[in-house]
Structure formats: C-alpha cells, structure tokens
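Written below as structure tokens is the structure these notes are about.
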Amino acid sequence: MVQAMIDMDIMKGILEDSVSSSEFDESRDDETDAPTLEDEQLSEPAEPPADERIRGTQSAQGIPPPLGRIPKKSQGRSQLRSEIQFCSPLSRPRSPSPVNRYGKKIKFGTAGQNTRPPPEKRPRRRPRDRLQYGRTTRGGQCRAAPKRATRRPQVNCQRQDDDVRQGVSDAVKKLRLPASMIIDGESPRFDDSIIPRHHGACFNVFIPAPPSHVPEVFTDRDITALIRAGGKDDELINKKISAKKIDHLHRQMLSFVTSRHNQAYWVSCRRETAAAGGLQTLGAFVEEQMTWAQTVVRHGGWFDEKDIDIILDTAIFVCNAFVTRFRLLHLSCVFDKQSELALIKQVAYLVAMGNRLVEACNLLGEVKLNFRGGLLLAFVLTIPGMQSRRSISARGQELFRTLLEYYRPGDVMGLLNVIVMEHHSLCRNSECAAATRAAMGSAKFNKGLFFYPLS
C-alpha cells in the first residue's frame with residue numbers, strides 16, 4: 001500500500017516536470033534569475049515541493065531513490081518573454097520617401113527661419129573669342145582685354161580723381177588755351193552777356209545764298225531731260241534710266257559734269273540733299289556715282305579727287321553722310337554676330353567720327369566681306385577709296401577695283417533693302433523700328449540727283 005502511494009507521487013512529479021519543461025512554458029530551464037532583496041522580503045516562506053517531502057520520507061524509511069530519475073533543478077523566477085505579434089506583409093509600415101529625406105526641410109515660425117545668406121552672383125565674363133578693333137591710328141585690329149568686374153576700395157577713389165584731373169590738365173595744355181579761357185575758383189562758369197536775348201524770338205536761322213546758276217543749253221534732248229530732273233525733287237521711278245543709255249550718252253554727260261559754269265551750284269545742291277536725306281536718298285546717290293564711275297573707266301578714263309566732276313566731287317561727302325545715318329540704326333540688334341558688329345562699328349567710327357577714311361579703307365582690305373553689312377559699306381567706300389588710292393594699301397586698291405568691276409545697278413539699294421526686310425520680319429522691338437524709320441527717311445527729297453540707274 002505504501003509502495004503504491006509512493007509510485008503515484010512519483011508519477012505525479014513526472015507529469016508536473018513534463019508540463020513545466022514543455023515548449024509552451026513561458027520560462028526556460030537554462031535561464032534563471034537570482035532572487036533580489038525585495039523578492040526575498042516580500043515573498044513568504046513556501047512549503048517544500050512534494051518530491052522533496054517524498055525523498056525525505058524515503059530516506060527516513062531507508063528506501064533507496066529510483067535509478068532512472070534525474071533530480072530536478074530548482075527553478076527560480078524567470079523573465080517573461082515578449083509577446084510575438086504577427087503582422088500581415090500588406091499592412092507593414094512604409095519607409096519614408098527619399099524625396100522628403102533629401103529635400104529641403106521647411107520650418108515654420110520665426111525660430112525656424114533659414115538664416116543662410118543667399119549665394120553671391122558671380123560677374124559675367126566676356127568670351128575670349130570676341131574680337132574688337134581698337135581705335136588705333138593705323139586702323140589695324142587689336143584685341144581688347146576682357147574687363148573684369150573688380151571692386152576697388154574707397155581709398156583709391158581719391159587717386160582716381162587725381163588721375164582724371166591730371167589727364168584733363170594735360171589735354172588743356174596741348175590745346176594751348178589762353179588764360180582767359182581757364183577757369184579759376186572765383187570766375188563764373190560761363191559768360192551770360194554773349195546770349196543775344198535783345199533780338200527777340202528767332203523763327204528762322206540765317207542761311208547764306210546758294211551759288212549762282214547760269215542757264216545752259218544742250219542740243220541733246222536726253223541730257224536736257226537729265227539736267228531738268230536733277231533740279232527738282234521727284235520719285236526715284238521718275239528718274240530711272242538704263243545703264244546702257246548712260247553708256248551711250250557718255251560723251252555728252254562728260255562735257256556737262258566737267259563744266260565749270262554751274263559746278264559750284266550743283267555740288268552745293270547735292271550736298272544739301274545728302275546732308276538732309278535718309279539712307280534711301282543716299283543709297284540712290286551711291287548708285288548714281290557707281291554707275292557713272294564704271295562708265296568712265298569703261299571708256300578709258302580715270303578719276304581723281306583733284307579732277308572736276310559734279311557727280312564724283314560729292315563722293316566723300318555722301319560716304320560720310322551714309323555712314324553717319326547708318327550708325328543711327330540699332331546695330332547691335334540688326335547684326336547679331338559679334339564679329340560682324342565689331343567690324344561695322346569700327347568702320348563707322350573711322351569714317352563718321354574720326355574722319356579717317358584711309359584707315360577704314362585699309363581695314364576693309366584686310367578682312368573677308370562675307371556678310372551683307374560689310375559688303376554694303378564696302379560699296380559706299382568704293383569711290384572715295386578709288387579717289388584716295390595713292391594713300392591706301394595694295395589690298396584696299398584691289399578690293400575697290402574688284403567691287404567697281406563687278407558692280408551692277410541696284411546692288412546698293414538691294415543690299416540695304418534685304419538687311420532691313422530680313423531683320424524686321426523677325427524683330428518686334430518698337431525702338432528698333434523707330435530708329436530704322438528715322439534713318440531710312442524718304443526717297444522723294446532727292447534734288448541734285450540726275451538719274452537712278454537700272455540694269
């Protein structure tokens with residue numbers, strides 16, 4: 001009976017051990033926690049387990065323990081495992097977007113404002129391939145050094161003012177001005193007594209009388225018609241004549257243009273018209289001069305600036321007037337290429353502002369005229385260049401001789417028309433259009449123009 005009770009207690013202990021060591025137990029046998037001081041204080045004295053009581057009873061009765069049983073280790077309080085949560089892969093949290101990760105973080109409020117200073121703007125540098133013709137005395141091309149935007153300290157401002165004053169002082173010394181024209185500290189800046197206010201309002205400026213005109217009689221009806229057409233303003237279509245007709249009337253025309261009777265009158269009349277006319281009128285004068293010079297050369301003649309010729313005597317004046325009017329255009333808008341614009345500006349400066357026609361001719365002789373603006377100016381400078389051929393270079397003489405040979409009536413006006421038409425078909429700038437209208441003028445005011453040639 002006693003043995004049966006012992007066996008039941010042993011089986012009960014084995015079942016308890018199997019339940020405690022199963023995989024569903026929340027504690028592990030190999031992970032035990034040592035009891036703390038608080039646990040010892042709070043815990044009450046527990047009764048010994050049943051197997052210890054049985055073991056004590058057996059030892060007291062002299063019964064040996066079973067051989068196949070392993071003594072159980074004392075288990076302390078084990079740490080509870082964290083609960084395992086099963087989440088669906090469809091409901092997993094998404095990773096932050098890389099855009100927000102690398103984007104600029106915006107903070108609202110005054111405390112989070114960005115205090116980083118804005119980046120400084122770097123000065124624009126001019127491309128090194130841009131060439132400009134400097135205003136030299138020889139008319140050759142020179143490369144201007146690129147201007148760099150540098151900040152000078154305020155200390156150098158006084159030094160710069162001193163340099164300017166010194167330069168002005170040197171220029172005044174070169175002019176050799178009298179002491180009465182030099183300003184001092186107490187003298188007035190200008191003399192108001194020389195203003196003629198006592199004459200009253202002035203509606204017209206005094207103009208000297210033109211040279212006298214002596215009537216001339218020609219037996220040729222065509223020559224008479226040309227002279228009558230040159231004495232009035234009219235449309236260019238009413239003054240048209242073929243180049244073959246001019247070649248046929250060469251002898252009669254030569255006797256008229258080289259006559260001394262009315263040479264001063266006609267030259268004065270043509271200069272007045274050229275000074276007040278636009279590019280259309282001046283282009284018509286250039287067409288007339290080129291056709292007449294071509295006719296003279298074809299008949300074995302030649303011309304020089306000392307010879308008397310009513311048509312060719314005004315060639316230099318017409319050239320200066322044409323280039324001056326041409327500068328009124330918005331050249332930077334009309335010519336978009338930097339090389340073309342540089343050549344146009346330099347030639348225009350030499351002719352119109354510097355009065356250095358020979359240097360402009362030499363410059364044109366050294367470049368290739370592969371654009372319309374340069375070829376137009378070359379045609380305008382052809383007659384003045386041929387008249388000054390003894391002063392210009394050999395390349396310049398060859399250029400103008402070739403242009404005079406290959407010229408056809410209508411080339412000058414055709415180039416001018418195409419330049420304006422092609423540009424303003426794309427340009428919508430109102431200032432450019434206004435400048436073009438002012439520079440072109442009207443072709444009706446052409447007194448002094450004898451004929452307009454046609455091919």
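A Cβ is built for glycine as well, from the same backbone N, Cα and C atoms used for every other residue.
Remember, it's a predicted structure, so these values are computed and weren't measured experimentally.
Residue density at H423 (Zn(2+) binding site): 19 other Cβ atoms are found within 10 A of its Cβ, drawing on all protein chains shown. In three-state terms derived from DSSP, H423 (Zn(2+) binding site) belongs to a helical segment. Residues or ranges marked as Zn(2+) binding site in Swiss-Prot: C333, H423, C427, C432.
What Swiss-Prot records for 88-98 is compositional bias 'Low complexity'.
The region 'Disordered' annotation in Swiss-Prot covers 17-163.
Annotation comment: Swiss-Prot describes 101-107 (among others) as motif 'Nuclear localization signal', evidence class sequence analysis.
What Swiss-Prot records for 121-130 (among others) is motif 'Nuclear localization signal'.
Look at Swiss-Prot and you will find 143-152 (among others) tagged as motif 'Nuclear localization signal'.
Feature annotation from Swiss-Prot assigns zinc finger to 333-432. Mean pLDDT for the zinc finger (333-432) in the predicted structure: 92.
Counting only same-chain residues at least 6 apart in sequence, those with a Cβ under 8 Å from the Cβ of C427 (Zn(2+) binding site) are C333, A433. For the Zn(2+) site, the Cβ centre of C333, H423, C427, C432 serves as reference, and the other residues of the chain with Cβ at most 8 Å from it are H330, V334, H424, L426, N429, A433, T436. According to DSSP, the zinc finger (333-432) comprises 72 helix, 0 strand, 28 coil.
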